[in-house]
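S.K.: So Swiss-Prot lists the following for this protein:
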DOMAIN    3-92  domain 'ATP-cone'
BINDING   Lys7, Glu13, Lys14, Leu15, Asp16, Ile17, Asn18, Lys19, Thr52, Lys88  ATP binding site
BINDING   Thr219, Asn483, Glu487, Gly682, Ser683, Thr684  GDP binding site
BINDING   Asp242, Asp243, Leu244, Arg272, Arg279  dTTP binding site
ACT_SITE  Asn483  active site, proton acceptor
ACT_SITE  Cys485  active site, cysteine radical intermediate
ACT_SITE  Glu487  active site, proton acceptor
SITE      Tyr783  site 'Important for electron transfer'
SITE      Tyr784  site 'Important for electron transfer'
SITE      Cys796  site 'Interacts with thioredoxin/glutaredoxin'
SITE      Cys799  site 'Interacts with thioredoxin/glutaredoxin'
Amino acid sequence: MTMYVIKRSGRKEKLDINKIRIAIKFACEGLNVDPLELEADAQIQFRDGITTKEIQQLLIKTAAEKVSAERPDWTYTAARLLLYDLYKDVAHLRGYSLRDDLGKYKPYNRKNFYSFVKEYVEKGIYGEYLLENYSEEDFNKLANYIKPERDLYFTYTGIKILYDRYLVRDEEGRVIELPQEMYMLIAMTLAVPEKPEERLKWAKKFYDVLSEHKVTVATPTLMNARRPFTQLSSCFVLTVDDDLFDIFDNVKKAGMISKFAGGLGVYLGKIRATGAPIRKFKGASSGVIPVVKLINDTMTYVDQLGMRKGSASITLDIWHKDILDFLEVKTNVGDERKKAHDIHPAVSIPDLFMKRLKNREDWTLIDPYWARQYITRKIYDGKYKEVKPLPGSHYYVGIKEDGTQDILEPKGLEDFYGEEFEKWYLELEENLPSYAKKKVNSFELWKRLLTVAFETGEPYIFFRDEANRKNPNKHTGMVYSSNLCHEIVQTMSPSKHEKPVLDPETGEITYKKEAGDLPVCNLGSVNLGKVHTEEEIKEVLPLLVRMLDNVIEMNFYAIPEAEYTNKRYRAIGIGVSNYHYCLVKNGIKWESEEHLKFADKLFELIAFYALKGSLELAKERGRYKLFDGSNWSKGILFGRSVEEIEENSRQNGNNLPWRELAEEIKKYGIRNAYLLALMPTGSTSLILGATPSIDPIFARFYKEENMSGILPQVPPEVDRFYWHYKTAYTIDHEWTIRAAAVRQKWIDQAQSLNLFVDPQNIDGPRLSRLYELAWELGLKTIYYLRSRSAMDIEECEACSV
């Protein structure tokens, strides 16, 4: 009996086993796998009318199930089979043949690249800026530059995630582009700000580093560069003032940011505590928790077209009078009315608390409302007859002896760090009335914080004094908190509002607002599996700096404060992926002094060439607007003197010309106020087939369940380096913290530092020691405490690079 298969076009043809074998041969060629094994184990149950799609899916499934730590090459076989399927689907949709005029297999249609993009620009799926900035001739040149063979770099997990989440689809949900077309269109988008005569040159350079998997850009950039709405930034950090208008203005901002898939960090430390007065009515304030719940509910409501809930980290100071309730917002005990299960709590901790903790001394919780009243009056004491809050306003008013008034900027305890903070804290502790403060034992508070962290993985930790001491732009203000993933450390401030003014004739209402600093994360990362020598770093880092600077120009801004801050600071965040693989590839054990030396040498190179790239960009395009007065302008790099850095470089053996670089920076400036931030690289590491960010591997082989299904995970070259890969829950994480401290010397922002602890082999003192060591060694942040399966904690998709 003759059997027929149904092709994608709907046409019937005779079953030809040889065609299946050709597909299997293509998928297995050059790999350490047996094509006959795949053919036999697929056990295809042929029947009349079976579709070619069904046959292909069965082969993909069979190959994916064979992936293991001992036989990792099956991941490339499964990837090729999925690519083969994708090529056929896209060719059928776009109406071209997979064979050229000579019958040679050609998965990419170079001839019609321009007409393809033009069609989907007209349909509103690609952005008009592509046609506005590139001619048909440009498209043809770039189409011919595409390298289809680079598709073979993908693992099965990588291409599956790319297929499910990143490749652009039409209005019916069908994938319309191929991976190398995606990379080229992203490169073209990021090259739009370049001079027209140089645009193709930069598009090719950007394409090369992206498609060779040397770098990757943030999830929003991968998703939205080439689309009409170019929301390319990952995270945003809001500062909420103690004012009802500002609270709800920030709730609105949170909703708008979440609508366009941005992640959020929110600082609530300025808000008065429970029981504080409102307009002189005693005990009227409900405190911080209702605001936390407002943001929580906004994140769940603005669910990004039903795809996923928004994400927000909310930070409160450990001296805030509401801190005890705040620590419980995600626990399963206590009053459910005070819970906010969908936000990520973070705690800001000053040095003074850690000092008192060592001696088990008391700690005073303070209401920021009363602290602000006390400090503001004290600062202006002697200059005015009376200083009092201006009703309905952020400001205070100073009344002079002659009755004239000045508008005054208030200052709270949160507006100081280091010695100034300690001075004011001690004074408040001594002088505030009992209703404005509450005494607790520092150790008991710390113990509760760690217990909650052990149970839930959170709160994140923000060491505020170190963050502000090392802020290269401290001349512009304070850093109160970090972003959702706790790698961004930038100057921030609340916006200031004036009362709305009504025109009674027209009914027009005018709102005036002075924009504060709202940090924006423009992120990208370097794949250390492919880029770790000085020559490689020297080539790639300046390119990545340039790409991210162009993100700022191409970005769509959902809120004006974000654009204002982004254009003033031009902050970027360069991170890394494949760190663990880089170590094992170089024969370096995680728990070793060699690891620390390697990290020191490597991250000095990254820091130097990132700064060098930003310097060269400043020569070409101009320095960032707030450069004058910054540490960079004074020759202070990463919080250290040039002499100290030169000595460090000599010890590393790098001997880089830091003094020459510092002098050039003083003369020309740099383009970007902030440069380095080691973010998580969850989904984008999976696309690259890399180990995530700076984390150790979770296991040598496991299956991860996510939006793309159950996917096999193996680190790079696990068959070759099996015993070199030590897994996260078997590592002594004092080494992790020590390595992070070495890296931090070369990072102007922070690191998304996860700590992994085995519940069976950890106790309270040991856990406390890890956190205390992080503070002692000068870390700025701690991200998750992973005491459960890594798959149980939801990673921030927006920040993921």
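Placement of Cβ uses the backbone N, Cα and C atoms for every residue, glycine included.
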S.K.: Go through the binding-site residues Lys14, Thr219, Arg272, Ser683, Thr684 and tell me which ones have a CA within 10 A of the CA of Tyr784 (site 'Important for electron transfer').
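M.R.: Taking Lys14, Thr219, Arg272, Ser683, Thr684 one by one, none has a Cα falling within 10 Å of Tyr784 (site 'Important for electron transfer').
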S.K.: Cα of Lys7 (ATP binding site) to Cα of Arg279 (dTTP binding site): how many Å, rounded?
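M.R.: Cα-Cα distance, Lys7 (ATP binding site) to Arg279 (dTTP binding site): 74 Å.
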S.K.: State the mean pLDDT for the domain 'ATP-cone' (3-92).
M.R.: 88
S.K.: Hey, what's the widest CA-to-CA gap across Asp242, Asp243, Leu244, Arg272, Arg279, the dTTP contacts in the record, in Å?
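M.R.: Spelled out: the longest distance between any two Cα atoms in Asp242, Asp243, Leu244, Arg272, Arg279 is 13 Å.
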S.K.: Counting other Cβ atoms within 10 Å, pick out the least crowded of the binding-site residues Asp16, Asp242, Asp243, Glu487.
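M.R.: Across Asp16, Asp242, Asp243, Glu487, these binding-site residues, the one with fewest Cβ atoms within 10 Å is Asp16.
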S.K.: Using only C-alpha positions, which one of Lys14, Thr52, Arg272, Gly682 is spatially nearest Cys485 (active site, cysteine radical intermediate)? These are the binding-site residues in the record.
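M.R.: Checked the binding-site residues Lys14, Thr52, Arg272, Gly682; minimum Cα distance to Cys485 (active site, cysteine radical intermediate) goes to Gly682.
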S.K.: Can you grab the distance from Asp16 (ATP binding site) over to Glu487 (GDP binding site)? Cα atoms, rounded to a whole Å.
M.R.: 55
S.K.: Compare the C-alpha of Arg279 (dTTP binding site) with the C-alpha of each of the recorded positions Thr219, Ser683, Tyr783, and give the closest one.
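M.R.: Ranked by Cα distance from Arg279 (dTTP binding site), first place goes to Tyr783.
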S.K.: Cα distance, Leu244 (dTTP binding site) to Thr219 (GDP binding site), nearest Å?
M.R.: 34
S.K.: Counting Cβ atoms within 10 Å of each candidate's own Cβ, which of the binding-site residues Asn18, Thr52, Asn483 comes out highest?
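M.R.: By the 10 Å Cβ neighbour count, Asn483 comes out on top.
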S.K.: On a C-alpha basis, identify the one among Leu244, Arg272, Tyr783 that is nearest to Thr52 (ATP binding site); the candidates are the recorded positions.
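M.R.: So, spelling it out, the nearest of the recorded positions is Tyr783.
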S.K.: Return the residue, from the listed recorded sites Tyr783, Tyr784, with the maximum count of other C-beta atoms within 10 angstroms of its C-beta.
M.R.: Tyr783
S.K.: Quick check on the recorded positions: of Leu244, Cys485, whose CB has the lowest count of neighbouring CB atoms inside 10 Å?
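M.R.: Each of the recorded positions Leu244, Cys485 was scored by Cβ atoms within 10 Å; lowest is Leu244.
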S.K.: According to DSSP, does Tyr784 (site 'Important for electron transfer') fall in a helix, a strand, or coil?
M.R.: coil
S.K.: Counting Cβ atoms within 10 Å across all protein chains shown, which of the binding-site residues Thr219, Ser683, Thr684 comes out on top?
M.R.: Thr684
